[in-house]
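Chemist: The structure's right below; bear with me while I get my questions together.
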Amino acid sequence: MAGNNNEDRVRIGVIGGSGIYEVDHLKTIDEIYYETPWGYPSSKITIAEDPCGFKIAFLSRHGKGHKYNPSEIPTRANLALLKNIGVEVIIAFSAVGSLREEIKPKDFVLPDQIIDRTKGIRPSTFFEDGLIAHVSFADPFNQILSELIYKHKNVLEEEGSTLHQNKTLVCMEGPAFSTKAESNLYRSWGCDIINMTAIPEAKLAKELEIAYQMVCMSTDYDCWKQGEEIVTVEMVVNNMTKNTANSKKLLEAILPDLRQSLSDGKFESNKGYMNHSFITSKEVANKEQVKKLEFVFPDILNRLGFSSDWF
Ligand SMILES: CSC[C@H]1O[C@H](OP(=O)(O)O)[C@H](O)[C@@H]1O
Ligand SMILES: Nc1ncnc2[nH]cnc12
């Protein structure tokens, strides 16, 4: 079984969103499902192997069969479990609405910015209850990962889809879609695409020092565009069914490159900032919280002198 052991570590995580509930084109070699200090994840993690024997850890964001709405997803548990088994890089697929004429349904988008329009009801930090840290969220996605994915845009072009890069994503609460006034407001703010799941996923990945990039698949023009049908689940699912094959092709093209970049240490620059992000003093830190965080930060907490030896 995959675990914390450096030899066995599965370093790449893939999160599937609406329409992507499994990676059936890869060989399943293991399944992982255990409780984290933040509860159970949305689905078991599938460890799958590509034809070159390279492993990824796949997790379905809404659970198999799509049973969690965006506000109910146990995102802390999802990311904590991926981190606990050794994941350092996450490619997260998401179905999005397009707020721009040029981002056509079935196009792919790599956002580089987020505007958060969720309502604060989703737990969005690991640092609370007497053990506090603050991370920079200025760049919510990982640019090295984005560039690496963008290099493979020809795979999508061959299928008639364009891959757009460096766009702004607005994340709404849902589950109902936006009003026309909201959709037009987001356009006036400079937003290019809309979904319901980037927050808190991107924020929590940042707190865990995981290099994270959403790969968005446009399924509709939301409700702003005159002459176009207003978004429905049926529309999203139909376009996602067509998009799923392309997302698997893209993933296959990326994996060897990603494996090489990890071996070359290209993501090391994404690590180390948590050493300087804690602000709570050891004297007042909540020991229960320290124990919980050891699940995801065994080394850093030790180095900073927080230890569950207190117990
Ligand atoms: C099924 S339509 C709305 C739903 O689809 C997207 O999900 P995901 O990001 O997991 O692909 C969107 O964010 C909403 O959750
Ligand atoms: N129009 C839309 N709004 C929010 N999330 C979406 N996911 C797919 N289409 C969407």
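Positions of Cβ are set from backbone N, Cα and C atoms, glycine also.
Where the annotation comes from TrEMBL, it is an automatic prediction and has not been curated.
So TrEMBL lists these for the protein:
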type	residues	note
DOMAIN	11-255	domain 'Nucleoside phosphorylase'
BINDING	Ser18, Arg61, His62, Ser94, Ala95, Thr197	phosphate binding site
SITE	Ser178	site 'Important for substrate specificity'
BINDING	Met196, Asp220, Tyr221, Asp222	substrate binding site
SITE	Val233	site 'Important for substrate specificity'
Chemist: Compare all C-alpha positions of Ser18, Arg61, His62, Ser94, Ala95, Thr197, the record's phosphate binders, and send over the largest distance in angstrom.
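Modeler: About 12 Å separates the two most distant Cα atoms.
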Chemist: For the recorded positions listed here (Ala95, Met196, Val233), tell me which residue's CB has the most neighbouring CB atoms inside 10 Å.
Modeler: Met196
Chemist: How many Å lie between the Cα of Ser178 (site 'Important for substrate specificity') and the Cα of Asp220 (substrate binding site)?
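Modeler: So the alpha carbons of Ser178 (site 'Important for substrate specificity') and Asp220 (substrate binding site) sit roughly 13 Å from each other.
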Chemist: For each of Ser18, Thr197, count the other CB atoms within 10 A of its CB; which of these binding-site residues has the top count?
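Modeler: Max Cβ neighbours within 10 Å, all protein chains included: Thr197.
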Chemist: For substrate, with binders Met196, Asp220, Tyr221, Asp222, what's the maximum Cα separation in whole Å?
Modeler: 15
Chemist: Out of Asp220, Asp222, which of these binding-site residues shows the lowest number of other CB atoms within 10 Å of its CB?
Modeler: Asp220
Chemist: Reported as an integer number of Å, what is the Cα distance between Ser94 (phosphate binding site) and Val233 (site 'Important for substrate specificity')?
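Modeler: That separation, Cα to Cα, works out to 14 Å.
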Chemist: Would you mind pulling the DSSP three-state label for Val233 (site 'Important for substrate specificity')?
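Modeler: DSSP call for Val233 (site 'Important for substrate specificity'): helix.
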Chemist: Can you name the residues of this chain that are 6 or more positions from Arg61 (phosphate binding site) yet have a C-beta less than 8 Å from its C-beta?
Modeler: Ile15, Gly16, Gly17, Ser42, Tyr68, Ile73, Asn78, Ala92, Thr197, Glu201
Chemist: Cβ under 6 Å from an atom of ligand 2: which of these binding-site residues qualify? The list is His62, Ser94, Ala95, Tyr221.
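Modeler: Only Ala95 meet the Cβ criterion.
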Chemist: Between the recorded positions Ser94, Ser178, whose Cβ has more other Cβ atoms within 10 Å than any of the rest?
Modeler: Ser94
Chemist: Output: those binding-site residues from Ser94, Thr197, Asp220, Tyr221 whose CB lies less than 6 Å from an atom of ligand 1, in sequence order; none if no residue fits.
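Modeler: Once distances to ligand 1 are taken from each Cβ, Ser94, Thr197 fall under 6 Å.
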